[in-house]
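Before any comments, here is the structure.
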Amino acid sequence: MSGLLINQPKYSWLKELGLSEDNPGVYNGSWGGSGEVITSYCPANNEPIARVTQATLAEYEETVQKTREAWKMWADIPAPKRGEIVRQIGDALRKKIKVLGSLVSLEMGKIYVEGVGEVQEYVDVCDYAVGLSRMIGGPVLPSERPGHALIEQWNPVGLVGIITAFNFPVAVYGWNNAIALTCGNVCLWKGAPTTPLTSVAVTKIVAEVLEQNNLPGAICSMTCGGADIGTAMAKDERVDLLSFTGSTHVGKMVAMMVQERFGRKLLELGGNNAIIVFEDADLNLVVPSAVFASVGTAGQRCTTTRRLMLHESVHDAVVERIAKAYKQVRIGDPWDPSTLYGPLHTKQAVDQYLAAIEQAKQQGGTLVCGGKVMDRPGNYVEPTIITGLAHDAPIVHTETFVPILYVLKFKTEEEAFAWNNEVQQGLSSSIFTKDLGRVFRWLGPKGSDCGIVNVNIPTSGAEIGGAFGGEKHTGGGRESGSDSWKQYMRRSTCTINYSKDLPLAQGIKFE
Ligand SMILES: NC(=O)c1ccc[n+]([C@@H]2O[C@H](COP(=O)([O-])OP(=O)(O)OC[C@H]3O[C@@H](n4cnc5c(N)ncnc54)[C@H](O)[C@@H]3O)[C@@H](O)[C@H]2O)c1
């Protein structure tokens, strides 16, 4: 017997997801894959779970062709009927929600409720997309010319390439997949190379729905791989929209490759999110919010709070209360229901954690709590609070994807808003206050410059109904709710002359 977790009775539930010791990492209507074999490891103990055979570039090529072929019939299906397929995908996910959530927990390392929560997000987006399938539309605008109609027509872009990050191995694909499908697009997904089993398990669920409806499976294709497949997608003219979620560093390279071919891109990149606590804040809201948003998912959310700005009048009291709460966070196996805090995803992340702490100390920071790697199997580090750094210290302006919270002390509202906005990233931001004037200044043109601007709630934990994404080095994309569907469609402005004359716009005479 191999040493893979999938062969241990304790993990036999993995087989309910159709997984086995060796899994094909390509799906385009049929399963395949003959590229590099990668082993997926469990971050809580660094034990191997199972293996996935990734796509070769030749298999990528074949998959793109099949996916584009599938578009020809998918685009002809009326949007409400496409919505019905998305509804079935949501239902299929509902049936597997616990077991798929457990896989996310095992493979990514987030706690079980968050793993299930991710699948719930996909389900919610499916529900949202079903409604959307009967609502997508453009306006009929008043034409200045008699006997003319001016209308906006929205069409699918075609093939949507989806590259996702390790930290949301289900939800981010779900946001893109459900909306893109409803809009009439086909999808080609490359998940993170460290969460390939989740990519395979999700694709199996989606593929079964397509196949049961006698639709080409290539409507939702998958090619597991790393930078090689990702680069191929970025450079490929046949990928009509590339939705990329990941670090700003890689996102920038991807954006340049897509721009080089004047392609469309949707970028969801790094964040450096702040909570600002004013003197009038309800500290009973602040403390659990700050702890959830900085410690949750072991600091590995794009919306994790990395900077906590405290008014000087509440600074010491809040630091004391948060440090106390940090010590009570239950650390353990992520799939244990009582655990609130699990491991980092990889050993490299542990190294990044240690390096960031060293830099913070060199730049003048003081450790309030945490700072050490934990003496237990897996990639566990102590959740960490650092005070005393300058608001513009280089480490404070860096997104280190680990549970380190930098606490800053401020005096005035102007100062706090300016510090919020001075970082390169622009994803999420929150203030805690009861001052109504301040709330509206925060929401207004001189307030937060982020895509997500909250009041009296933490920076993380967004709902699917709103448009999700951020400004500046976060990439500017918007996914999920509101009118994000527009990113997955192309707009035609159509003028139809139903008169017998040919009047020109702006009253121009050409006679
Ligand atoms: N804004 C958001 O919505 C959002 C959501 C989740 C994560 N993130 C960000 O993602 C980062 C963490 O995720 P990560 O470590 O998986 O990011 P990453 O940038 O290392 O990897 C993201 C994806 O890009 C692929 N990739 C790597 N090199 C590539 C290349 N040259 N061309 C094309 N693709 C390539 C990876 O295989 C992976 O699938 C953090 O910065 C986090 O803030 C952002």
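One is the number of the first residue shown, and numbering goes on along the chain from there.
Each residue, glycine too, has its Cβ placed from N, Cα and C.
Features as listed in TrEMBL:
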ACT_SITE  Glu268  active site
BINDING   Thr164, Phe166, Lys190, Thr231, Ser247, Glu268, Leu269, Glu399  NAD(+) binding site
DOMAIN    36-492  domain 'Aldehyde dehydrogenase'
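Locations of recorded TrEMBL features on the structure.
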residue : record              : DSSP (3 states)
Thr164  : NAD(+) binding site : coil
Lys190  : NAD(+) binding site : strand
Thr231  : NAD(+) binding site : helix
Ser247  : NAD(+) binding site : coil
Glu268  : active site         : strand
Glu399  : NAD(+) binding site : coil
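For the pair Thr231 (NAD(+) binding site) and Glu268 (active site), the C-alpha distance works out to 17 angstrom.
The recorded positions in question are Glu268, Glu399, and the one with the fewest Cβ neighbours inside 10 Å is Glu399. Most Cβ neighbours within 10 Å among the binding-site residues Thr164, Thr231: this distinction goes to Thr164. It is 15 Å from the Cα atom of Lys190 (NAD(+) binding site) to that of the residue listed as 'active site'.
Cα spacing between Phe166 (NAD(+) binding site) and the residue listed as 'active site': 13 Å, rounded to the nearest whole number.
Listed in sequence order, the residues of the same chain lying 6 or more apart from Ser247 (NAD(+) binding site) and placing their CB within less than 8 Å of its CB are Ala165, Leu269, Gly270, Glu399, Phe401.
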